[in-house]
Amino acid sequence: MLTLARQQQRQNIRWLLCLSVLMLLALLLSLCAGEQWISPGDWFTPRGELFVWQIRLPRTLAVLLVGAALAISGAVMQALFENPLAEPGLLGVSNGAGVGLIAAVLLGQGQLPNWALGLCAIAGALIITLILLRFARRHLSTSRLLLAGVALGIICSALMTWAIYFSTSVDLRQLMYWMMGGFGGVDWRQSWLMLALIPVLLWICCQSRPMNMLALGEISARQLGLPLWFWRNVLVAATGWMVGVSVALAGAIGFIGLVIPHILRLCGLTDHRVLLPGCALAGASALLLADIVARLALAAAELPIGVVTATLGAPVFIWLLLKARR
């Protein structure tokens, strides 16, 4: 038994090391790749100062943090709701952030600065989160809380559709670009949003013990002494914050929160002591690679990153599911 535990521990360490190396390689490639390839030896030249440090580095850091946040949010929701299909958009938090951002674009007539749009997106996500916490205080079951989140998401989606229908051509272009996701407008002015993600990411990665209990189910978690009501509130609030900040940075991005945790579980990473940091590393790597494809796929334009993640991720996910069944 001890030998099996040690083998599993070594395997987990190997996985984390491999994911760390993959993330570092993706980070380096992201800094080098673009309309002009800039190798690491040229990073400190005047050309590298502009393209690498002023343009690519803030974008790369934003992609890395958003990918980690979305993947960890998916892992938290899948444990919290005991549903492998749970992901950040499921509770309506992503759509809530979208409603806040769309309201800011329409009411501000496209004149609001980026920091104001970011605050509105975060506010929209937190409002939906507060409504969910209100439901949670009524001690609803996990399944009913999940259904409440789905209903809120549908309402927010309807509001966004109405807003797009009545928007002007200029606003519509900005809204459609946001709905497909993208990091094209990210620079050092959004560094405060990046910093807002880091403490929550680190805190959740340290909460493996309650997460492992939650993954056992509500009844088992209560029997083990976990204050279920408290942890549900805290985790829903933390997820709402991460999703709101991510939407403020990059718009709506699918696939990462749904598929990354599921793929890692299929690979044998079920202990949240390994799964949570693994999700952060894998989510960051996947979104970095998708962002590189979005930048380089077309010569004259940039693809929406949400389209890239769905196109590349869905076939891989289906293949892994078929392989696991065999």
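Just so it is clear, glycine is given a Cβ too, placed from its N, Cα and C backbone atoms.
Summarising the annotation, Swiss-Prot assigns transmembrane segment to 15-35 (among others).
If you look at the transmembrane segment (61-81), the same-chain residues 6 or more away from its ends with a CB under 8 A from one of its CBs are 23, 27, 30, 87-88, 90-91, 142-143, 145-146, 183, 186, 190, 193-194, 197-198, 200-201, 204-205, 211, 214-215, 232, 235-236, 238-239, 242-243, 245-246, 249-250, 253, 256-262, 272, 275-276, 279-288, 291. According to Swiss-Prot, the feature transmembrane segment maps to 61-81 (among others), an assignment based on sequence analysis.
Listed by sequence, the residues of this chain that lie at least six past the ends of the transmembrane segment (88-108) yet keep a Cβ under 8 A from its Cβ atoms are 70, 73-74, 77, 81, 116-117, 120-125, 127-129, 132, 146, 149-157, 159-160, 163-164, 167, 171, 174-175, 178-179, 236, 239-240, 242-244, 246-248, 251-252, 254, 257. The feature transmembrane segment is assigned by Swiss-Prot to 88-108 (among others), with sequence analysis given as support.
When Cβ-Cβ distances below 8 Å are used as the criterion, the transmembrane segment (112-132) is approached by residues 91-101, 103-105, 145, 148-149, 152, 156, 185, 189-190, 192-193, 196, 236-237, 239-241, 243-245, 247-249 of the same chain, each at least six residues removed from its ends. Per Swiss-Prot, the feature transmembrane segment maps to 112-132 (among others).
Non-local neighbours of the transmembrane segment (146-166) in the same chain are 81, 83, 86, 89-96, 98-99, 102-103, 106, 128, 131-132, 135, 140, 172, 175-176, 179; each lies 6+ residues outside the stretch with a CB under 8 Å from one of its CB atoms. Positions annotated as transmembrane segment by Swiss-Prot: 146-166 (among others).
According to Swiss-Prot, the transmembrane segment annotation covers 184-204 (among others).
Residues 62-63, 65-67, 69-75, 77, 85, 87-89, 91, 93-94, 96-98, 101, 117-119, 121-126, 128-129, 132, 177-183, 186, 190, 193-194, 196-197, 200-201, 279, 282-283, 286-287, 305-306, 309-310, 313-314, 316-317 of the same chain sit 6 or more residues outside the transmembrane segment (240-260) yet have a Cβ under 8 Å from a Cβ within it. Look at Swiss-Prot and you will find 240-260 (among others) tagged as transmembrane segment, backed by sequence analysis.
If you look up Swiss-Prot, you'll see 274-294 (among others) marked as transmembrane segment.
The annotation transmembrane segment is assigned in Swiss-Prot to 302-322 (among others). Packing against the transmembrane segment (302-322) from elsewhere in the chain are residues 177, 179-184, 250-256, 259, 262-263, 266, 286-287, 290-291, 293-295: each is 6 or more residues past its ends and has a CB under 8 Å from a CB in it.
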